[in-house]
Amino acid sequence: IVSPPVCGNYFVEVGEECDCGLPRNCQNQCCNATTCKLIPGAQCEDGECCERCQFKGAGNVCRPRRSKCDIAESCTGQSPDCPTDRFRRNGVSCLNN
């Protein structure tokens with residue numbers, strides 16, 4: 001059984017851009033809780049690369065390097081999400097010799 005999307009259930013479903021719950025409970029300034037759409041001018045409502053309803057600029061570090069083989073990830077300026085965690089390619093030494 002497939003049910004239609006329900007605005008106000010905290011799940012972003014087909015046709016929704018955001019879902020912060022019922023209007024009386026919504027604490028998200030970027031989301032219109034009545035329509036489950038972003039407010040005018042907003043690019044995003046949540047994510048490591050979303051700040052005050054806008055994408056953070058390209059180059060903002062969203063996941064710092066955690067080891068010598070890890071590579072720091074930065075926002076792209078085009079998405080609210082931090083890119084996939086990346087590491088140095090196989091065969092490259094990560095040790096200080």
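Note that Cβ sites are derived from N, Cα and C of the backbone, with glycine treated the same way.
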Quick one: which of Cys18, Cys20, Cys31 does Swiss-Prot link to Cys26 by a disulfide?
Cys20
Which residue in the list Cys36, Cys50 does Swiss-Prot annotate as forming a disulfide bond with Cys44?
Cys50
For the disulfide involving Cys75, grab the partner from Cys30, Cys31, Cys36, Cys49 as Swiss-Prot records it.
Cys49
Whichever of Cys30, Cys31, Cys36 is disulfide-bonded to Cys7 when Swiss-Prot is consulted:
Cys36
Need the cross-check against Swiss-Prot: the disulphide partner of Cys62, picked from Cys30, Cys31, Cys82.
Cys82
Work through the recorded positions one by one (Val6, Cys31, Cys82) and point out the residue whose CB has the fewest other CB atoms within 10 angstroms.
Val6
On a count of neighbouring CB atoms within 10 A, which of the binding-site residues Glu13, Glu16, Asp19 is highest?
Asp19
Would you please pick out, from the disulfide-bonded residues Cys44, Cys53, Cys75, the one with the fewest other Cβ atoms within 10 Å of its Cβ?
Cys53
Taking the Cβ of Asn32 (N-linked glycosylation site) as centre, how many other Cβ atoms lie within 10 Å?
19
